[in-house]
Each structure stands twice: as structure tokens, then as C-alpha cells.
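Per TrEMBL, these features apply:
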- C:47, C:49, C:108, C:111: Zn(2+) binding site (BINDING)
């Protein structure tokens, strides 16, 4: 791999600072996590967006959350066709091997992927409709959520948030199509949770199944 | 989604603590990130493993890294077939829309996915060879790295680490099959980096292209 | 004390979150508790085990329970020999100075201390029989309970739970050897209670003196 | 044990509420903790005082802290004489069996035990000097701290706090007399920490070894 470069000096410098402080303070714990293996309590699926840090929001310790991050925190439906499904692999590993107790989907405001989906479905982003657009094809997963949102006939200003929250619900629904998720949920060894965070004001809402809407935590 | 549960109270409590402190202290910055959009300097691809926190290791601020996490930090080759490719979508978004300056692959020690690949390729994990195994099919991406590792004829004890580092190299190689990555690298608007971290002792190595091996940062 | 280290950063961060929320919301009450002194209704003696949180189980407010926690929730017999007796000191303080109305012993399932006692008494843990084993000598307190349990001729699978419940009874009996406990009980200013909790299913049983066995709460 | 009473109805009621909510929300995690055993990151030694709740202050999850609580958070010196030493047993179990990474002593303001020691050493509490006083004999452990405090010639108003902080230091010193603590500290598999909390205002200070005094967290 002739194209790889060394780590930028600033990051190397910060790393050495971390090793001399945070790692040094917790070295015994890190060693135990290394030798005894991880035992995370929860899997979190959140967006790649640089403004969403679930370990910070929840004060999570090293070893506490198994985290998958992809564009728009989407989970595809169960499709065991022998092709590569990175998200499904992560869910399978968390639920069947690590046996996490909670699986939490975290959506967020100002999501670029969701905005792309909105534009694409409204016919405003033809480049995303092309077969070669990875983002476009990935956001196809959210089309059922878009249909539901359209049916609510919302003002344009409310649509991004509504679709961001639909992304959480589509993922929760798709999760239930995985046999090992469904059986764990039914056996009460796994619980599913849907969250949506507003990144500017630091708001946090959860999906309330009884009221069928998102409410502040 | 009738199966979704509210957020566990402990996490809700910690969230409120975060909002009253970390968020309150940085509210102006978070608001700017919300209204002006993210502008991350780098994309990081690391593992879902709960023991790997790149924002902690690199002291990264909110808004600094666009992070994709999947099992064993793998990037598949370029395959614009119209199917869903979550990792490729994240790379496409980071490189073409966000125009990140760095793309960093972070492998790590004690990787459960890599160990699974090792077992599968050595014939010790038939369940991973089944078509329905999402983890198995995902780890197929690492088979070229396994072949190279086998050719080095290493003692068994050295194989996990060697394969973990091959996972970084396979990803770097596959990245270069994406036309938009290759052209950005060649135009020097993007640089690629390969890292491997030892989670117990907090060690960090980078792939040195000249020496063709990993060296301590 | 040159060996002491600062508080790990994660705990410091969570503390600041607590202070800005839980403490801020209850500051008036905390200030009264500070200036007027504590006035707990009950003393609870439970195990050090990280899975047993009586304040959580009983929704106890700050100031409500005076809590002593030791290995296997044991109370030694009255022995005013001038040596250090930490448990006896805690009981003395609670009953004579704080005049608590209830004294509750809380045993629990999967108790490592009780299992050690079982192994030791059955001759399977010679290291615990050594004079220098603090855990072994502490668990000697439970030997009378072990003798009673053996007399019941239980299958091996039922023995841990039986001995965990004997630990509660031994403690209740020993409590009555303290003159100030006995006189408070006889004056009906203090009542004693024995509980046992099953940590997996969250079960709770209490010792019923009439039936001379543990029954679900 | 004819003297034991059933659980007061209010506590039974609260327990049922906890089981239907907190336990139900976390049942899968509690079951795993039950079957796989605890793996606490830290041992905390704090006072029995009803106003000190370290799990609340640190947002600690079930399974995170192994907690010993006694009067004035004292650790006696290493004394393997075959007698019962509850605190030493708890420390031994945490360090040698559970292999905790951190051992944290938490002192606090308005400590009744420390006040008793102050009164006793100043000749104002003859009843605590009696051989039969468990509290008095327990607080003898703090006499070395009292001597150091007296040498500082502080105004009376500052003495309780100074002696409360000495209680933390005496415990840290005594911990180092335990061979298994010392060797773990020297091997860097265990780190010791001293804290003092002000219960009215929710303040928290840590012992800074370099400055040899307590500083705000």
C-alpha cells in the first residue's frame, strides 16, 4: 500500500498525551478488558456525523457500548443472500455473540443523509438516483419512511426532523425482521430503543411506543 | 414499532448531567455546528468493539472526525451494482460531499471479527461459512489478507495480530479501487493512513509504506 | 500518601453532571441534611457485591438508610474485647446514636463470600482455611449456618441459596446478642428484618418468623 | 429467629414498583450479571452515613462498583491474626479475587464518627474511651490522623474537616500495609484514590499527592 501516509503529527502528539494521562490512569482496567474480553451492555447504532458522540452524551466508559455507525443510522431488512451486509453483521455479532441487553438506534437533527433522501425522493437530487450513487442506494432504505412522512402532509420546514425520526423507526422495524433479534426481544433478553438528538441545543427524545411519537427524555 | 422501550433511567440521568455541563459549556459551538453544518477534517473507519474509542485516543472535538464503525474496520472493493453498501456510502459521502483531508483506518488487537475470520479460513468455524452468516460473509472481505498472512508462515501466536494488520491493508487497498478516492489521493486533496492499536497497553502503530510494515507512532 | 492518584476523568465528568442536575435540583434538602444532621429511618446491612443496590431496590432517598456493607452481609456476635469491630461499631452507632427504627439484613443470590464459605467448609478451599485469609476468617462467622444447612441434607444445587439465607439468619441471631439491640427490640423501638434478593430476576424474599422460612415479598 | 418482622409495607410497595420498572427495563443485563458474575471496575470504601451515595454521585451502573461501607470509611492496618476483620476481608476479596483496577476511599463532611473521634481524643467523650464502646475502639484507627491534625494547630472550626480528610489518608496509608495491595499498586494493576465530599453543597475534592493536599475535582 504505497499510498498510505504516516499519522499527522498533531494526532500523534495528542495520542501521546492520551497515553500518558487517560491510559495511564486506567491502565489496569484496559488490560483487563484486553485479556478478559469485552462485555458491553448495549449496542448503539448512530450516524457517522461528526457532531454525534453517544459515549459523551451518556458518559459511557470504555467497554460499555458496542457501536456501529453508518450514514443515517439505518438498519437494512434481514436479507441472508450471501452478499456483504456490514450493518447486519454488526447486529448479528452484538446480539448472538456478545448478547447485549439493549440495542439503541440514535438519530439526529441536520442529518445530511436524511436530507439527501428527502431531496432524492422529491426529485430534487437526480445524481442520488443513479445506480452508481452509494449514498443514494443506501438511502433507498428510508423510502418506506419517506412515504409515511408524505402521508402526514407536513410543512416543508418540519419534514427533515420527521424523516430523521422515521429513519429511527424504519431501523427498529427492520431489526425485528432478523430472526435472532425477534427471538431475543420476545425472550426479553434484548430490548430495543429509539432516540433522536437535536445537536444544536443538545435535546434528546425517545420513541414512545404507547403514544407512537417521540417525547423528550 | 410497538416493541421499542423508553431509555433506561440511568442513561437518561447521565444524559441530563451531560446536557447541564458539557453541552452547557460548549453550547455556542454546538449551535454553530448545527446551523453551519459539520466540516470534519478526517474520516475514521474503526471497529464496533466497545474497547476502541478513537475520539478519546486522539482527543477529538465534536465536529472533528466523521466516523464509520463496522466489524473489523473493513472497506469492501468498489462495486457500484445498485445494491446497498453502507461502508461505501459513508466513504463516498466523506470524500465527495464533506471533502475530508484524511481517511484513517484503525485496526486493533483482540478483534473478535478478525479472530472469526482466522478460525473460518482455518476450517475451525463451519458456522461462519454458511451463506446465512452475516459475520462470515462480511469477513470474506479479509480472505485476501488471510492468504498473504498464511504465505508468511507465522507461529500461531502471531497470527491474530498479523491478520488484524492485514485488515487495515486490505481496506486501504480497497479504498484505492474507488475512483473518487483514487483521484483525490492523486490530486493530494486526500491522504490515507493505516493504524493499529493494542487495547491493553494503549500502543499505537502506523503502517509505514516505505518499510512496508507497522511501526510505533 | 505518595501513591494516591487523581480521580479518573470519566468519573470526574459524571460527578460534574450529577452536581449540575441531581444536586442542583435537591440542593435545599442536601443543605438541611448537612446542617441538621442525618435522621435515617433504617439501617441496612448488605453485601459489597456490585450487583446489590438497596437504595435502588427500595427507591431510597438521600438520608433515608444508614448502610453498612461487608462481605456476605454478616454481623458478628457481641464481643466487647477492645479490639476493632467495624460491623459492631456501625450497629452500635445506628441503634444507640441514630436510634433507627428498623434494622434490615439483605442477603443475595450468587454471593461469592457465601460460595467461598461453602467451599471452605466442604474442604474444597484450603487457602481459605489459612490463618492469613481475611475472607476465610470472616466467613467463619457463617459456620453455624453451614452446620444447620448440612443437617437439612439438601441437593448440592440448593445449597448456595440455603447458605445465603442462613447468612441472614446468623446475622439476625448475632444482632440479638448485643444488649442495646435486644433492649431496643424488646422495647419495640427497633424491629429486625431479614431479606434475600435474587439478582437475576429481581426477586425479593423476607424471613417469615412464624413459618420459619423465606417467603416472597 | 422469632424476632424478625416482615418488610414494612411502604418498602414492599416501592420494591414492587422498582421490579416493574427499573428491573423490567434492565432485566437482560441483570440476568447476565447473575449468570456471568460481577466484574466491577472499582472498589469504593465510603461511610455508612445515609447522606453519602457514591453510585448516585458517579452515575454508576449496577455491576460497576464493589462497595464497602463502614463508620468513617476507615481501613485498619494489615493484621493477619486470625481474628475477624471485615474491612480487610472486603479489600482482600476486591483486590485478589475481583482484581479491581481502582480502590477509592470517599470521606465526607459532617461525619459523626470523625466528630466522635475528635471529641474522644480531646477528652470530651469519656464514654467513647471505654473498652466496651465499639465506635470508640473503631475510631482508635484514626488516632494517628488526629495527632497529625493537632500538630497543624488549626482553629476549632477547621478541625472536623481536617480530621475527615485525615481519615482518608490514614486509610490510604493502611491499605499500603497489605502485601497484596502494595504489590498490585507497584505492578500498576491497581491505583488508589482519596476523595472527600461536602454533603451540603455537593462539593468533591481529591487528594493530590504532589501538593499533599485536597483539591477540588
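Glycine is no exception: its Cβ is also placed from the backbone N, Cα and C atoms.
Those TrEMBL annotations? Automatic predictions, nothing curated.
There are 25 other CB atoms within 10 A of the CB of residue C:111 (Zn(2+) binding site), with all protein chains counted.
Those binding-site residues from C:47, C:108, C:111 lying by chain D, with Cβ under 8 Å from one of its Cβ atoms: none.
Close to the recorded Zn(2+) site, the chain also has C:46, C:48, C:51, C:52, C:72, C:73, C:107, C:109, C:110, C:112, C:113, C:114, C:164, C:199: residues not among C:47, C:49, C:108, C:111 whose Cβ is within 8 Å of the site's Cβ mean position. Non-local contacts of residue C:108 (Zn(2+) binding site) by the CB criterion (under 8 A, 6+ apart in sequence, same chain) comprise C:46, C:47, C:49, C:51, C:52, C:73, C:164, C:196, C:197, C:198, C:199.
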